[in-house]
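K.L.:
When I checked TrEMBL for this same protein, it listed these features:
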type	residues	note
TRANSMEM	62-82	transmembrane segment
TRANSMEM	88-109	transmembrane segment
TRANSMEM	121-140	transmembrane segment
TRANSMEM	146-168	transmembrane segment
TRANSMEM	189-208	transmembrane segment
TRANSMEM	238-260	transmembrane segment
TRANSMEM	295-323	transmembrane segment
TRANSMEM	335-357	transmembrane segment
TRANSMEM	364-381	transmembrane segment
TRANSMEM	387-410	transmembrane segment
TRANSMEM	422-441	transmembrane segment
TRANSMEM	447-467	transmembrane segment
Amino acid sequence: IELSRSTFVMPASVNEPDSANITEAFTEPEDALANVEPRVECSYSVPSNPPTRGLVRVIKTLSLFANFFFLLAACAQTSAALVDLASLYSVSLAAISVFQSVNCVAYISGTWIGGLLCTRVNVFGLLTAFSALLMAGLAVCSFMPNVLLFFGVSGLGAVAGGAIDSIANSHYLTMWEGHRIRDSLMQGLHAAWSAGAMGLGAVLKSFLDPNLTSTKANASQLLSDDAQLPPYSGHVQFAYILFASLGAIPLCSHIGLLVWDRCGPTAGPRPADASASKDGKGGGRPRRLLAGRPALIMVAFAVSVRVFDVEAFVSSFLSSYLFYGLNWSTPDASAAFSVFFAGQFVGRLLSVIVSAFVRPLHILLANGCLIVLAGIVLGLFGGTEGIAYITSFVMGVGNSSSFPSVFLWLSEFLPITGPVSASLFLGDLVSLLSPAFGYVIETKWPEFFVCFTSGSGALSLCCLAAGHRVGLRLLAAATEADSGELRELDDAILPIQA
C-alpha cells in the first residue's frame, strides 16, 4: 500500500503560532492535537505482470526461447508443404497458395489482439491460451474435409501465432530493459526461431510425398486454375500432429510460470506504478523517452522500414526467380533456398555477439547495404552458379537481424508496449501482394525479383536514415522542454528555500 497523500485538518481551537514565539509552537500541549483528523488516500494495484529479476527472469526468457523454437517455427512449415497440401485436397497450386494471404491477415490480427491484451492480462496466461490454440490448429488443420475449412482452422492458428509473437517480443524487452545483454538476447530469441524452422523443416521432409517431384514442364501446368496434382500418398497430416505435440514443451513452461506469477513471492498487491519511474524514464533508462504524437511519428517510420524489409519477399520468390529467370532445375533452386536460410541462421548467430558492441541503427544499415549489393550482383552475374549461391547466402545474412533490430532501434526512442509491438507487424501487409509478385515473376518479368529486392533495400535505408534523424530532433525537443519545466520548478522553490 502506497501512501499517496497525507493531509491533516487542524481544528479551529489550534491557533497558528506567532512568529515571535516559535518555541511555544513546538511545545504545544499534547491535548491540543487530540482533535486532529488525519485524512489518508491510499492506492494499490495487483499487477498482471509482476516485476521479474534474477533467476526467474532467466527461466521466463528460456520459456520464450522454447516457444519460438518449437511452436512459432512450426507455423512456417506450411509454406514448405503447399504442394503436398494441394495434392491432399485435390486443388491447384494456385488455389492452395491463397493460404499466404489468409495467413498474413490472420497473423497481423493476432499481433494486435496480443498487443492490446498483454498489458491487462498476465503474459504467461496469454501465452498459455494462445499456445494451446495454436497447437489445436496445427493438429487438426490438415484433417479438415475441404480446403476452405483448412484455411479457416489454419487462420485461427495464425491468429494465435501472431499474438504469441507480439506478446513475447514486447514482454522480453520489458523484462530486460536497461540490461547490457538485452540486445544480444533479442537477436538470440529470433535465432532460435531460425534454428527451429531449419530443424522442423528437416523433419517435415520425411513426411512429404516423394512422388511429387515436379519438373519445369509440369510446374508450368500447375499454374493453371484447373490443374490437378496426382493422388496424394504422403503423410503430411502426421507431421502437423508431431509439431503440435512438440508445442507441449513451451506450453508446460508457460503454465508453470503462470502459477509462479499468481502464487509465488512476487504475487499480491503492489504500489501503483511501481514498475515505472515518475520522470518518464521507462524501465530505469536514464534518459527521456517519447510519448504522444512524437511516438506515433517514430512508429510510422519503423513501420515504413518494415514495409521495405524484403525478408518475406526473398524467402517466397528466390527459388521462383532461379527457376524461371535463370532456368535452374527444381533441386538446384531448392538448394539455393536452403543456402538462403543457412545465411539467415548464421547472420542471427553473429548478431548475438555483434549486438553487444554495435548499435541497432548500424546493424540495420549494414543489412540494407548487403541486400542492395546482393540483389545487384545476382542480377548481373547470377548466370554463374557459384555466384548465385554466394548471393543467396549474403541475402540470408542481410535479412537475418532486420526484424529484431527494428524493435531495438525503436526502443531507443520510446517504450515497446504491446500496441507498439503489434504496429510493427503492419509492415507485413505487403505480403498481400504476393500473388501479384508471383504472377509477374513466373509469367511476365522474372528480373522483377532482383529489381524489387535492390530497390526495396535502398528505400529501407532511406526510411531508416530519415527516421533516425527525426527521432533525434524529437528527443532533443523533449529534453529541452523537460529542462524548461525544471527551471520553472527551481524558480518556484528558491524563494521558499530563502
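Placement of Cβ uses the backbone N, Cα and C atoms for every residue, glycine included.
Heads up, TrEMBL stuff is auto-annotated, nobody curated it.
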K.L.:
Do the transmembrane segment (62-82) and the transmembrane segment (121-140) come close, with at least three CB pairs under 8 A (pairs 6 or more apart in sequence)?
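P.N.:
Result for the transmembrane segment (62-82) with the transmembrane segment (121-140) is yes.
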K.L.:
To the transmembrane segment (238-260), which of 88-109, 121-140, 189-208, 364-381, 447-467 is linked by the most Cβ pairs under 8 Å?
P.N.:
121-140
K.L.:
By a Cβ-Cβ criterion of under 8 Å, what residues six or more beyond either terminus of the transmembrane segment (364-381) are in contact with it?
P.N.:
305, 310, 387-388, 391-392, 394-395, 397-402, 405-406, 409, 447, 450-451, 453-454, 456-458, 460-461, 464-465
K.L.:
As a test: from 121-140, 189-208, 335-357, 387-410, 447-467, pick the stretch that has the greatest number of Cβ pairs under 8 Å with the transmembrane segment (146-168).
P.N.:
121-140
K.L.:
So which of 88-109, 121-140, 335-357, 447-467 has the most C-beta pairs under 8 Å when paired with the transmembrane segment (189-208)?
P.N.:
335-357
K.L.:
In the same chain, who gets a Cβ under 8 Å from the transmembrane segment (447-467) while lying at least 6 residues past its ends?
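P.N.:
Apart from its flanks, the transmembrane segment (447-467) reaches 298, 301-302, 304-305, 308-310, 313-314, 317-318, 320-321, 325, 361, 364-365, 368-369, 371-372, 374-376, 378-379, 382, 395, 398, 409, 437, 440-441.
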